[in-house]
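Remarks on the structure that follows.
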Protein chains: 2
Amino acid sequence: IAKEVAKLLEMKAQLGGDETKHKFVLKTPKGTRDYSPKQMAIRERVFDTIIACFKRHGAEVIDTPVFELKETLTGKYGEDSKLIYDLKDQGGELLSLRYDLTVPFARYLAMNKITNIKRYHIAKVYRRDNPAMTRGRYREFYQCDFDIAGQFDPMIPDAECLKIVHEILSDLQLGDFLIKVNDRRILDGMFAVCGVPDSKFRTICSSVDKLDKMPWEEVRSEMVGEKGLSPEAADHIGEYVQLHGGLDLVERLLQDPRLSQNKLAKEGLGDLKLLFEYLALFGIAGEISFDLSLARGLDYYTGVIFEAVLLQPENDHVEEPVGVGSVAGGGRYDGLVGMFDPKGRKVPCVGVSIGIERIFSILEQRVEASQEKIRTTETQVLVASAQKKLLEERLKLVSELWDAGIKAEVLYKKNPKLLNQLQYCEDTGIPLVAIVGEQELKDGVIKLRDVATREEVNIRRETLVEEIRMRTSRP
Amino acid sequence: IAKEVAKLLEMKAQLGGDETKHKFVLKTPKGTRDYSPKQMAIRERVFDTIIACFKRHGAEVIDTPVFELKETLTGKYGEDSKLIYDLKDQGGELLSLRYDLTVPFARYLAMNKITNIKRYHIAKVYRRDNPAMTRGRYREFYQCDFDIAGQFDPMIPDAECLKIVHEILSDLQLGDFLIKVNDRRILDGMFAVCGVPDSKFRTICSSVDKLDKMPWEEVRSEMVGEKGLSPEAADHIGEYVQLHGGLDLVERLLQDPRLSQNKLAKEGLGDLKLLFEYLALFGIAGEISFDLSLARGLDYYTGVIFEAVLLQPENDHVEEPVGVGSVAGGGRYDGLVGMFDPKGRKVPCVGVSIGIERIFSILEQRVEASQEKIRTTETQVLVASAQKKLLEERLKLVSELWDAGIKAEVLYKKNPKLLNQLQYCEDTGIPLVAIVGEQELKDGVIKLRDVATREEVNIRRETLVEEIRMRTSRP
C-alpha cells in the first residue's frame, strides 16, 4: 500500500508540475547562491592568490566526487553529522554529499595506499546548517584545503601549514588577523586534570568550542546544567581557557603543577614549544597566539589545531564585534586514514582549510564601497564598422583575429550603429576598436581606435595583430 | 509506528556503522572517480585550452549551485528525466542535482531578468546513467558550456558557437573530427511531410537520435514495432536521414517538392543556408556536415542543433568503430528561459557544451602510451643540506624563498641524506637544489645545483632569488 501511495503521490506531483508550469518558484535552494560574472571575477582573484601559495609550497592537486558512500562519512563528524546532506535512495548505493574535503582525502589515501603526499583541493562542500548569507555562511560553500600526509619529524609540516595561512591572509590584504593554536592533547590533558570524566571529553570540548561566540558564563552553565559537569571541574576549566600567549605561556604551562603531570598535555606542550621555534624561523611567531579556549568542533583532530580570525579595524562602521570570525582552520589528524584502512594502518596528516566565502563577502563589500570597476571579460578589441552592409567583412576580420589568438568580439547585428559599438566598448572595458570601412578595405588598412583617448590610426591589415598585441600587453 | 520503526532502523544503522568500523567498502560511488595529481595535470591543460578559447570570444563566467529545486528540472529533459539524482527529503525544499548546465543557466537568466549575455560555465553535472568508464562515460562528469543569450540577427551567434567547437577541437590536437549540424525545424518538417502524427514527433525524434549507435534497420523496426509508426512513414524518413552534405544539400532540399512546402522545414533550411555562408567566412564550412540523421535527445532545442565527433585514425589499434563518439554538442533553445519567466517572456539562446571526459580519456591514454613524464608540481628549487643539524638553516632559507615568491620545498626531516634529497628532485622534476652547508653559511653563499647537469656553483645569498628566477623562467 505504501508503495502505491508513493506512486500516486509522485504522479500527483508530476501532474501538479505540468499544471503550474508558469508558477515556478524562481530561486536557488536555501543557503545557496549563483555567482554573477562580477562575483566570479572577484572569486577568481582570490583563488589565484590561494593556488599560487599552495603551488609555491610544492603541492600537487587532486579531485574527488561531490558525493561519497554514506558510510564513508559516518562517525567522522561527531555532533555535526546531522548536517550531512543525503541523496535519495533511488536504488543502488546510499550516498551523501561531502561535508568537508578532509574525509574524502583520507578515503583517497587509504584506497590508493598512499603514505606520502602534499596536495591541495579546492571544491564545494555541503552542510545543512542555518545559513547566514550576509555573513558568508552558506549551505554550499568552497573549501580550499592544503594537507601534508606522511611520517615526518615532528612539527615541520605543522609549521608550514601555519606559514601558508599567514602567507594567504597577507597576500589577500584583508587587514589584521590573528592565528590561534592549541593542541587536542593539551585540551584532553586539561580536562583530565580538571576532573572531567573520560566519557565527557568530547561533549565538554564542544562546549569549549563555543567560547568564540558565547561568554564564559553561558558556556559554564551549559557544561554544568546540560552536560552534568561538576561546578568545580567547570571552574578549573574556566581558569585555563582564559589563558593565551606565545612561547612564554607554553613554557609556563610546562611548569604548571597539574598539567605537567599529565602525559598527554606534556606531549602537546612539548610539540607546541617546537612549533613556536619553527614559526620564529619563518618570521611569524609574533602573529600566532597559543589559546587554550580554541577547541575546533570536528572529532578527527589528534594534535595541533589552529584557526585564523580577521580583526576588525577600529574605525569600521560594521556592526559586528571585533572578531569577524574564522577564515581558516585546521590541525593534525593522525587517526583518520587508519579508520579507512582495512588493517588500520595509520598515515599521520596535518592540514589547513581556507574558508573563502567570508573572504569573498569582505572583498565584494570592499569593491562595492570603492566603486572600483571590475572587468568581467578580457576582450582586447571589438571589430566594428561605420557603414552598413559590412557584416561579412566584420566576420572575416574577427575570425582572422581569433585564429591569431586575439581576444575579439563583434556585435551580432547586421548593421549596428557605430555609436552603439563604441558604447559597448565603454560598458565592458574593451580598450580597442578595429573599424572596417569601404575605403579602408580598398586601401588594405583597418582603422584602429583607442577607446580611452579616442585616437584613430590606420594600420595595414597584415600588421594589425601585432599592433593589437603590442597595445594590449601588460606593461 | 512508521516513525518509530524508522527511528529504530536508523539507530540500528548507526550501531552497525560502529561495529563494522574497519569493514568499510573503500571505493568511490558507482560511475564516479577520483582524479590523481597526474590526471589533474592533464585535466588542467584541457581546461586551460578551453577557457582560453571562451575568453578569446569575449565570454563572461558564472557559477550556479550543484543542486536546484526539483521543480526547476521537471519537464525539461523528456525521457531522460529518470536519470536525475534527487536529494533525500530531510525537511525543507525538495532538491535535485543538476543534470546539465543549460537549465540552471536559463533559470539564472529568468531569475535575474537578464536578456543579453555571453557566458561560459565549467562544472560537474550528474546523471544516473549506466556508466562506461573506460569510454569516458561517468555519472559525475564535467561540462564546459558556452552560450549566447539575446535577441540578435539570425545565425551570427550560432555560427560563432560552431567556430568555437572547431577552435577547441583543433587546439586540443585530438586528430580529425567532424561537426554535424541539423535543425529541429527541419526534423519536424520532415516528420510532417513523411506522415508522422504530431503526437509522435518527439518519440520518433528519439529513435532517429539512436542512428549514431544503431543501424537504420533497427531504428526502423523500433519506429514501426514499438512506436506504432506506419511502415510507409518510416521508409520516407529512412530516405531523408541518409542524406548528408554541405551547402549543396541545403540548396537541394530547398527545392525538394515535399520539404519545401513545409513552413518549418523551409525556415530551418533558410537559416542553415545563412549559417553555411557565415561558416565559409570563418573558414570552416568544409568541416561542417549537414546531417539529417542528427536529432539530439534533449527536449528543449528549437532550431539549429549540432554535434562534434572525433574520427578514428585508420591505423589505430583500438577496437571501437570509426566514430569515437560525441565530444561536443549544442543547439538553439529559444523557449527554455520563457518556461521560467512568470510572464513567459522569451530570451533566445544558443550554446555549445564540450564533453570533456572523453577528451580526458583520450589524452590520458596518449600520455600513457608515449610515456611522457608529466610534472605534478611546479617547484623550482629544493632547499637541501649536505651535513646534519642544518634543519633550522634550511627552514630559514626556504622561508626567505617563499617570501620572495619562489616555489620551494624542503624535506620534512631533521637530518635527511643528500642523496635522498637529490633523488626527490629527480622523482618530482625539481630543476634546482639550493644546498646550505657550514662553510657556505660562513661565506654568505649558497651552493646552487642544476639537477640535470649536476653542475654546482656558489651564489651570494642576496642574489640567490634572482638567479633562481633567471634559471627557471620559461624561454
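Glycine residues also receive a Cβ, built from the backbone N, Cα and C atoms like all the rest.
According to TrEMBL, the residue from B:R56, B:R127, B:R258 that belongs to the L-histidine site alongside B:D100, B:L101, B:T102, B:Q143, B:D147, B:R296, B:Y300, B:Y301 is B:R127. If you draw a 10 Å sphere around the CB of B:Y301 (L-histidine binding site), it holds 26 other CB atoms from the protein chains shown.
Each of the binding-site residues B:T102, B:Q143 was scored by the number of other CB atoms within 10 A of its CB, and the lowest score belongs to B:Q143. Other C-beta atoms found within 10 angstroms of the C-beta of B:D100 (L-histidine binding site) number 20, with every protein chain shown included. Taken over all pairs of the listed L-histidine-binding residues (B:D100, B:L101, B:T102, B:R127, B:Q143, B:D147, B:R296, B:Y300, B:Y301), the Cα spread reaches a maximum of 21 Å, rounded to the nearest whole number.
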